[in-house]
Amino acid sequence: MGIQKVMVIGAGQMGSGIAQVCAASGYSVVLHDLKEEFVERGISTIHKNLNRQVDKGKLSQEDMAETVQKIQRSTDLQNAKNVDLVIEAAVENMRIKTELFAELDKICPEGTILATNTSSLPITEIAAATSRPEKVIGMHFMNPVPVMKLVEIIRGLATADEVYQTVEDMAKALNKVPVEVNDFPGFVSNRILMPMINEAIYTLYEGVATKEAIDDVMKLGMNHPMGPLTLADFIGLDTCLYIMETLHEGFGDDKYRPCPLLRKYVKAGWLGRKSGRGFYSYS
Ligand code: CAA
């Protein structure tokens, strides 16, 4: 099951990062989104990232040009008909994902592996929307994708061993470190990370300390590269809320209840870096 051509669905923060690392590792990439402007925005993020590496002398102009020319733009899902692997990084919405996977199942050749970059939705349920659940798998990259080494590879209930192996090999070829995980709410990464972020928000909500103090405790006391509130802004507060809701619903345990302050910020449209305001302001 050799992978040569990959379609990445969703040209946002995650999708563009995934497309960049795949192209930089020599794969042919089709970067797909609903509108041309979304694809162009993703391409321009990739250019910005690669240019930064060129400026730092870590990448040659020739290698940058080679990476860029490996990425084909797409707004037509039919372009999935000749790819070996699809990595879906669209919005975190089960209905959208199942509809997309059902459509991909019809378009893609029998052998194509369908992977999702979902941060917490059940792989098994996404797989059930297709006639090839054994070829559906989770491939969870971390943000920023070009920098973070981890790829959580999630086996759905029916995922075939051969498919797991192919995806694990590909993650290694991307110079990432794959970790095998079974399909449970939040997998491993977000089951551990999000309750910590949620607890940091409760700590702020209850007036235990200022946001800066909370972040300093975790940064300087635990050597985290970012404090939990800065990290929440970086991930997006809507995403954090969505993952907490998935954990709360999936386990039915009140310890996963999202903090009311998180709900309030999301309702206000304070979504973190991407909206210009979250726990901190960004100009
Ligand atoms: N895209 C690409 N490259 C980036 C980047 C971005 N958005 N941001 C930073 N970088 C690169 C820089 O260019 C720099 O590269 P070089 O080493 O080649 O020079 C390197 O990363 C370090 O950047 P900086 O020196 O500017 O800043 P830093 O040392 O503070 O690192 C950081 C920035 C890597 C983001 C670091 O703060 C960090 O690791 N933060 C935590 C990130 C994290 O926890 N991510 C996981 C989020 S959870 C998730 O993604 C899963 C989910 O489902 C929610």
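From the backbone N, Cα and C atoms, a Cβ is placed for every residue, glycine too.
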- Query: Given that TrEMBL lists Gly10, Ala11, Gly12, Gln13, Met14, Gly15, Asp33, Glu92, Lys97, Ser119, Lys274 as binding NAD(+), which residue among Asn49, Asn51, Asn79, Asn143 does it place in the same site?
  - Reply: Asn143
- Query: Measuring Cα to Cα, how many angstrom lie between Gly12 (NAD(+) binding site) and His140 (site 'Important for catalytic activity')?
  - Reply: 15
- Item | Neighbour tally for Met14 (NAD(+) binding site), based on other Cβ positions within 10 Å of its Cβ | 23
- Note on the structure: Quick note, Asp33 (NAD(+) binding site) and His140 (site 'Important for catalytic activity'): C-alpha atoms separated, nearest Å, by 19
